[in-house]
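Q: Dumping the structure here so I can ask a few things about it.
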């Protein structure tokens, strides 16, 4: 996001907030009029009660979203009492009318701050950039169409703006009927839908169930609501909802869910190495696994396994127990001698049914035993289960658990590989060290949970905005590293500065609701100015130090001319 885009966003937010303030007296007037029609001496007007409940419900969400916690608290108290009446747990009496009147008095006499205040109620909330496609990271993704439907136009507009900043194409609706028609004409990637509408306190789930029934193609849907009760959540589940978020919507939570339910990136297929001296059986098992979407490689000679593993990164090996020259257990022991293959899952497949022999074979270093013949479905299930476990373990070994980026050791190993490739091909390469400014103050002022949100936000910014060919890692603490393959210093500088501006525009909220922004500084060094991994790291680190000295929130590039003389 550019500085101009960030400024425009803040302006539009301020307009929405101002609109809420302007409309508040009218909303309170309507509530006052409807509450005045309630008479404990008469049978309750259920339609009027439902409308009062809806109005307080909407006011509660709007107050929280636009930074008025007092409005939210008063409306929430009234809404809770009305919910008890509508559900039959509380009678409509003078005490309830006094409560509603008291809450309306409090709302009408609030001193509303008309300044550009952001919401104070929600916990750590982050607006995050979206994934970029292709080689140019400055182009917008625009991959997924999202429909947002809420009867409060201000909440819809606010949510639509935020998601639009994340690269989602958002269409806003305030009417269930219009949403229904739009889904029927052009199904979206996902729907974000309120639970409560004028039609009823569960109108959102009921509408989704009807839409899915008529279209025959369930739409991934995230429900949003001020309601936190079991009944609302159950209705959402029964209607086919994918997730449920309470208002005010937490941006990072919403984006993570949308990323998950709209992700169409194909999963890398499992790679299975089959070792069996019977070519026909080996090919048969290979066909079964390939039909399930896996990639297989067949060897009939176990002596070729080590050579094959140099070029075929197997997630699992399927090995015959009895083979000439080298049995399955002997092959397992050979593989366990090689550190790189200590964790590679090995599954025996054999017609051996003797339990004692199976146990001895497993003791040699294998992970499972399948008996021939084996049903195709079971073979696929067994292999997939163990291969998934192996892939997860591999990821844990090379990635940082908080950000999902490569860890310190892995980023250095990949830098060495990238520099070697640049030397061979005489191609450009840039290496950047990135450090979050004043990160200790973030932890001290807002808490470590919020600090983790800042780290995850920067990690996600880097992961989703950089090219697939770039290597991104968490170097340690609040420090990150990026290897930009094929990028000159000038190009890398442009990319990093665009990312710097985007990250500086991200809005966070501390544990107490205080809004703040975070920035980063970066040091850049490029090949061929620096020709080995060590000098690249050292030069980038010195450039980062210069960026800190020169005021932070900036990028400095190391050159040979600026390097200290030996």
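Using N, Cα and C of the backbone, Cβ positions are placed for all residues, glycine too.
Note: TrEMBL annotation is automatic and uncurated.
Pulled the feature table from TrEMBL, pasting it below:
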DOMAIN    9-114  domain 'HPt'
MOD_RES   57  phosphohistidine
DOMAIN    145-262  domain 'Response regulatory'
MOD_RES   194  4-aspartylphosphate
DOMAIN    271-387  domain 'Response regulatory'
MOD_RES   320  4-aspartylphosphate
DOMAIN    427-560  domain 'GGDEF'
Q: Looking only at DSSP and grouping its letters into three states, which state does residue 57 (phosphohistidine) belong to?
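A: Once the DSSP labels are grouped into three classes, residue 57 (phosphohistidine) ends up as helix.
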Q: Please report how many Å separate the Cα atom of residue 57 (phosphohistidine) from that of residue 194 (4-aspartylphosphate), as a whole number.
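A: Residue 194 (4-aspartylphosphate) has its Cα 11 Å from the Cα of residue 57 (phosphohistidine).
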Q: Around residue 194 (4-aspartylphosphate), which residues of its chain at least 6 apart sit with Cβ under 8 Å of its Cβ?
A: 149, 150, 151, 152, 204, 223, 224, 225
Q: Fewest other CB within 10 angstroms, which one of the modified residues 57, 320?
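A: Candidates: the modified residues 57, 320. Fewest Cβ atoms within 10 Å: 320.
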Q: Under DSSP, is residue 194 (4-aspartylphosphate) part of a helix or a strand, or is it coil?
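A: Going by the DSSP assignment, residue 194 (4-aspartylphosphate) falls within a strand, counted as strand.
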Q: Per DSSP, what is the helix/strand/coil residue tally across the domain 'GGDEF' (427-560)?
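A: Secondary-structure composition of the domain 'GGDEF' (427-560): 60 helix, 36 strand, 38 coil.
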